[in-house]
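First the structure, in the form of C-alpha cells, and then the observations on it.
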Amino acid sequence: MHRSLKTTTAAAAAALILATGTVLADPVTDDELVVNGELELATEAEPAAHLDGALGDRIYSGWRFRDTETRAMQKDDFDNPMFLFVDAGLEAWDTAEGTEGKSCADCHGAIEDSMKGLRASLPKVTDKGELWSLENFVNDCRETRMGAEAWGWNSQQMKNMTAAIGLQSRGMPVDVAVDGPAAPFWEKGKEMYYTRFGQLEMSCANCHEDNYGNYIRSDHLSQGQINGFPLYRLKDQGPVSIHQRFVGCVRDTRGETFQAGSQEFRELELYVASRGAGLPVETPAVRH
Ligand code: HEC
Ligand code: HEC
C-alpha cells in the first residue's frame, strides 16, 4: 500500500516535467550578456572538479534559460528594475544610524573599494568558525558596531544593501572556499541538495541537475545557480534573496521548508554557490 502510494507520487512528479526535444530545451545560444554595451558577462563556464561531471561539461547562468524580454532587461542598468533598490542600498550605506551615530561608509569608506569581490566569496567561515552569509555580516555590523537594530533577512532594507554590495563584484567569478573549515558545512549542504523533499519527493538535483533545459509546467528549468542574487523577479514584482528562492523551491515540492537565514540554508547556499564556481557574479539579475 505504502509502496504503491510512493510510486504514484513519483510518477506524478515525473509527469510535471515535460521533456522536450533537446534543441528547444537547450539554454539559448544566440545571445550574449553585455551590460550597458560594455561589460561582457560570460554566462557559461567550465564546471568545478568537485561536480564530478554532474552538470555535464558546462555550467550555465539562469539568464540563458529566460525569454528574450527578460534577458534584455538585464542588459541595461536603466531597464533593470533592481537598480531602484541598489540606489536605496547605496543611500543607506552613507546614512548614519543607531546609538553610535555611524554609517557604513564612516568605517568602510567607499563601497566600490571596500566591498569589491566580497559577494564572489560568500558564504564563508568566520574567525569564530561559523558559516556566515552576507546578511549575517551586515547585521553583525548593525548590531555590534552601530548600535542599530538588525534588519530582517528578507526585509527590503536588507535586499537593498545586499544588492548594492553584490554589485561591487559584478563580473568577478564566483570563488567560494569549500575546503578547510568550510568542508563540513559544504558536505551538509551537498547532502541537502540531494535530499528529496515534500509530497513530491523531489530533491534540488531532480529539477536543477537531472532536468535543466526541460520544462516544468511553463517554466524553463535552469541549473538553479545563485550568481545573480539578490535579483528582480518579474512574477513577484520585487527583489528576491537567495534563501527566499530556496523557500519557494522547497514549497513547490509541497514540503516543509527551513527558515531564511537558518543554518541549513546557509550550508545549502555554500554548496549551491560552489556549483556555480567560475560563473561571474551577475548581481543584480532579472528573472521572471
Ligand atoms: C564602527 C565601524 C563599522 C561600521 C559602522 C560598519 N562596519 Fe562593517 N565591518 C567593520 C569591521 C571592523 C569589520 C571586520 C573587519 C573587516 O573585515 O573589515 C566589518 C566587516 C563587514 C563586512 C564583512 C567584510 C568582509 O570582508 O568579510 C561587511 C559585509 C560589512 N562589514 C558591512 C557593513 C555594512 C553594510 C554596514 C552599514 C550597515 C557596516 N558594515 C557598518 C566595521 C564597521
Ligand atoms: C520541482 C522542481 C524544483 C525543485 C525540486 C527545486 N527547484 Fe529551484 N527552481 C525551479 C523552477 C521551475 C525555477 C525557475 C526557473 C529556473 O530558473 O529553473 C527554479 C529556480 C531556482 C533558482 C533561481 C535560479 C536563477 O538563476 O534565477 C535557484 C537558485 C533554485 N531554483 C534553487 C533550488 C534549490 C537549492 C532547490 C532545492 C532546495 C530547488 N531549487 C529545488 C524548480 C525546482
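Just so you know, glycine gets a Cβ as well, placed from its N, Cα and C.
Whatever TrEMBL says is automated annotation, not expert-curated.
Record features (TrEMBL):
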SIGNAL    1-25  signal peptide
DOMAIN    89-174  domain 'Cytochrome c'
BINDING   CYS104, CYS107, HIS108, CYS141  heme c 1 binding site
BINDING   CYS204, CYS207, HIS208, CYS249  heme c 2 binding site
BINDING   ARG245  substrate binding site
ACT_SITE  CYS249  active site, cysteine persulfide intermediate
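This view paints the features noted in TrEMBL onto the structure.
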| residue | record | CB count, 10 Å |
| --- | --- | --- |
| CYS104 | heme c 1 binding site | 25 |
| CYS107 | heme c 1 binding site | 12 |
| HIS108 | heme c 1 binding site | 14 |
| CYS141 | heme c 1 binding site | 16 |
| CYS204 | heme c 2 binding site | 22 |
| CYS207 | heme c 2 binding site | 24 |
| HIS208 | heme c 2 binding site | 20 |
| ARG245 | substrate binding site | 19 |
| CYS249 | heme c 2 binding site | 17 |
* Structure fact -> The correct DSSP tally for the domain 'Cytochrome c' (89-174) reads 42 helix, 7 strand, 37 coil
* Asked: For ligand 1, which among the binding-site residues CYS107, CYS204, CYS207, HIS208, ARG245, CYS249 have a CB under 6 Å from it?
  -> CYS107
* Asked: Nearest to HIS108 (heme c 1 binding site) by Cα, among CYS204, HIS208, ARG245 (binding-site residues)?
  -> ARG245
* Asked: Of the binding-site residues CYS107, CYS141, ARG245, which one sits closest to HIS208 (heme c 2 binding site) when you measure Cα to Cα?
  -> ARG245
* **Residues flanking the heme c 2 site, with Cβ no more than 8 Å from the Cβ centroid of CYS204, CYS207, HIS208, CYS249 and excluding those residues themselves** => MET202, SER203, ALA205, ASN206, GLU209, LEU221, GLY224
* Closest of CYS204, CYS207, ARG245, CYS249 to CYS107 (heme c 1 binding site), Cα positions, binding-site residues only -> ARG245
* Cβ under 6 Å from ligand 2: qualifying binding-site residues of CYS104, CYS107, HIS108, CYS141 -> none
* Structure fact -> CA pair CYS207 (heme c 2 binding site) / CYS104 (heme c 1 binding site), Å rounded to integer, equals 40
* To do: Give me the Cα-Cα distance between CYS141 (heme c 1 binding site) and ARG245 (substrate binding site), rounded to a whole Å.
  => 25
* Asked: Excluding CYS104, CYS107, HIS108, CYS141 themselves, which residues in that chain have a Cβ inside 8 Å of the centre of the Cβ atoms defining the heme c 1 site?
  -> LYS102, SER103, ALA105, ASP106, SER114, ARG145, MET146
